[in-house]
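Copied from Swiss-Prot, the annotated features are:
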SIGNAL    1-20  signal peptide
DISULFID  C27-C62  disulfide bond
CARBOHYD  N168  N-linked glycosylation site
CARBOHYD  N175  N-linked glycosylation site
DISULFID  C249-C295  disulfide bond
Amino acid sequence: MKTSLPIVVLLTAVISGVHPNPTPKSCTVSEEDLTTIRNAIQKASRASLDDVNLDEDLIAKCPLLKTITASLKSVASEIATLKDTGISEEQVDELKQSYEQQVNEIVKSRDIFEKQSGGDVMKEQGAMINRMTELQVQVAQLQQQIGEQTSRMYDDMAELIFQRLAMNSTDSIRNYTAHMMEQKLHTLMTKLETNYRIFLGALRYLDHLGDQPLIDKVFDGILKRLDEMSLETNKERENGKYVLVNLLCWTVNNRFLTEKYRKKQLELFRIALKFYPKTGNKEANEADIRGRQFCDANFPVNVITWFAVSRAAEGWGLRGTL
């Protein structure tokens, strides 16, 4: 017995972890409109923002198409951004080819795009909602997959950059790095914060240099920056959380920072309370922290959610310092 399309959509969403948007009340695109939609999606496989376009009238007929278009634009933007990083053109081209192939597989889906015989209008509308929902799920799965691939590429790039620096660390490189950290610390940290994987990689590279005074200076500089950050804008608040969490990642089992951490513990706790003030929301805080950290350790979560939030707020009288 053939499994009905709504059941397939539901099972696909549950198994993959991709959740379709709430079912819209209507989706009145016609069978002829499907050809236009298919052609637009096929054109989007080029992974160029200029090629991701869908007629506003079609989106008005079926709101799910807005989500689908947004997902395709997100992927195109993600791939375009790779060109401005240190990732090789070959890797970017390979990713684009993979994306194009998978989009072309989606547009070949008979369940979604094959013309169906006419029938009751309400049944046809319900069937079209199911077809567009499946399309949304498939595009969302592809978006998630591309996101995971680009994330791995960034990880590999950051690791390679600092591995090469460590392997080829001459006196001139060490001296130049120390000079930049001494003279341009704020500017350098601000630039590194555009990619937190690279931010953490740069901090770990300092351990390779083994310059204790420089490591102390950078640690203090980051604390000062966190202290000065405003919580009034979402961008600044989000950036501060990423910086705090990955600063703690750098601290994990770091022989250069054992003493520094002891001395700055109360300051760290106060800053943790600044960015995570909802002390009773431990589970949500923990999930948020794990989503930001680029290390496998539990240390950032333990510090922020337990010591800095629970004990500091209740027993160490830090509330009044904020």
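Quick reminder: no glycine exception, Cβ is built from N, Cα and C everywhere.
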For the disulfide-bonded residues C62, C295, the one whose C-beta sees the most other C-beta atoms within 10 angstroms: C62
Under 8 Å by Cβ from C249 (disulfide bond), same chain, sequence gap 6 or more: L200, Q293, F294, C295, A297, F299, P300
Cβ neighbours of C27 (disulfide bond) where a neighbour is any other Cβ within 10 Å: 22
Structural state of C249 (disulfide bond), classified by DSSP into three states: helix
